[in-house]
Amino acid sequence: MVIEEWKKSGIATKFPTYRNSALVTTHSWQKGKREDDQAEGLWRINDGIYDFTEFIDKHPGGSFWIRETKGTDITEAFEAHHLTTAPEKMIAKYWVRDAAEPRIYTLTLDEGGFYKTLKERVRKELKTIDKTPKRKSDLIHFGVLVSLFLFAIISAKYKSLVALILAGVALCWTVIVSHNYFHRRDNWQMYAFNLGLMNFASWRVSHAMSHHIYPNSYMDLELSMFEPLLCWIPNPQLKSKAMRYVSWVTEPVAYALAFFIQIGTRIFYSFRHTNIMYWHDLLALSIPLSIYLGTGGTVGLLSCLRTWLAMTSIASFSFCLIGLNAAHHDPEIYHEGDTNREDRDWGLFQVDTIIDRGDLKGSQFLVLTHFGDHVLHHLFPTLDHGLLPALYPVLLQTLDEFKGHLRECNHIEHMIGQHKQLLRIEPNPKPPGAGKKEI
Ligand code: HEM
């Protein structure tokens, strides 16, 4: 089949099927991936087909990861989620046959390449570094979680706008800090992510399996979910001239409604198509309930609901303001259609799709609440953010050896860059890493 020129991906030989669905959801992404991935109904790692059915409930990281990836190519996800060598040794037992067709993904994970070299060094480094920052992350998570409930109650009881804004910001931070936890084996902290009307299980697909593995490409669900409202891919087939400028106006509305749009889409899709709701979606209701009980029933139910919806909207706005301007969108950053780096290493591709927030470095609180240390987080998503700063020396050394660059800028620069990216339709002719802002 001939692929139209604009549909050619820089990281795969196929235009993803899910992009043709009427409504883009985690379910349509997974369904499309099963059709595209040449995994023969089982699990594919490199050119091998494996049957992990027996292992689903035994997986130390939780059954979700294996169950939800059945029928797909998990090569990069498998590599990025394990720092020990144990999983690699275990898979032989589940091998079924060699795959009939070549892999559709063209990024590499070669021995001696950037990612494998860095991972080996990180594995060694982790044996020696101080692990106490992990406990500090737990405390920060607990602190923002408790404060969101306290501010919500105070806001309803005293009709305080300041407390309402603080409740919204605390909710936004709780959601972002909980993201530190849902990338790992199951734990209680990840459930707090759902307080913002989004769902950690859904985000394990759209964020951990899609965005993290294939950032800024056609396979990145976190890009396609915003289209055509906001479109960062520099391609006139995807964004009309009007849409480029209109997006600057619609953007604040999209920010304020993003959390509601997510749950609305999931409810609609569950009714019309396949259920993608979970019991833990109900956790968000603990907020209005706590407001009601915390005010001793003196505030009416309607008022409790109003406070909850208002703080959720503030949280949604703050979340987008932070998240969409955190790392990935700037004309200097690789997006689908731009010129590729010659070295196709998966880890270098991650580095090329990110400019870190330099203004957050040094503060564990700011890093956790603002998606900081983003390059290292993309490369090693299961590591607590508190451990990442200790890994910069090996990262910088390895990047130097493989002609990669760690780039940094501050929040304002990211906001300007993100808006320029919304306007951009010309592919970047320069290979990644060749621009300014290197450190
Ligand atoms: C899509 C594929 C997979 C994903 C996304 C995944 C994800 C994860 C996660 C998140 C953890 C917990 C890490 C932590 O909290 O530190 C984990 C641990 C683990 N997984 Fe997987 N896993 C996958 C496939 C597999 C397979 C196929 C095997 C072996 C047959 C395996 C074996 C293990 C083992 C032994 C651990 C505990 C030791 C370690 O973290 O290295 N996983 N996995």
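Each residue, glycine too, has its Cβ placed from N, Cα and C.
Note that this is a predicted model, so its numbers are computed, not measured.
Across the domain 'Cytochrome b5 heme-binding' (16-100), DSSP classifies residues as 42 helix, 11 strand, 32 coil. Sequence annotations record features per position, and here TrEMBL assigns domain 'Cytochrome b5 heme-binding' to 16-100.
Same-chain residues lying 6+ beyond the ends of the transmembrane segment (139-156) with a Cβ under 8 Å from its Cβ atoms: 163-164, 166-167, 170-171, 173-174, 177-178, 180-181, 189, 192, 195, 287, 290-291, 294-295, 299, 303-304, 307-308, 311, 364-365, 368-369. What TrEMBL lists as transmembrane segment is 139-156 (among others).
If you look at the transmembrane segment (162-182), the same-chain residues 6 or more away from its ends with a CB under 8 A from one of its CBs are 137, 140-141, 144-145, 147-148, 151-152, 154-155, 189-193, 195-196, 198, 200, 203-204, 207-208, 287, 307, 310-319, 322-323, 368-371, 384-385. The transmembrane segment annotation in TrEMBL covers 162-182 (among others).
The feature transmembrane segment is assigned by TrEMBL to 253-271 (among others).
Counting residues 6+ beyond its ends, the transmembrane segment (283-302) has Cβ neighbours under 8 Å at 148-149, 152-153, 156-157, 171, 191, 194-197, 308, 311-312 in the same chain. Residues annotated as transmembrane segment in TrEMBL: 283-302 (among others).
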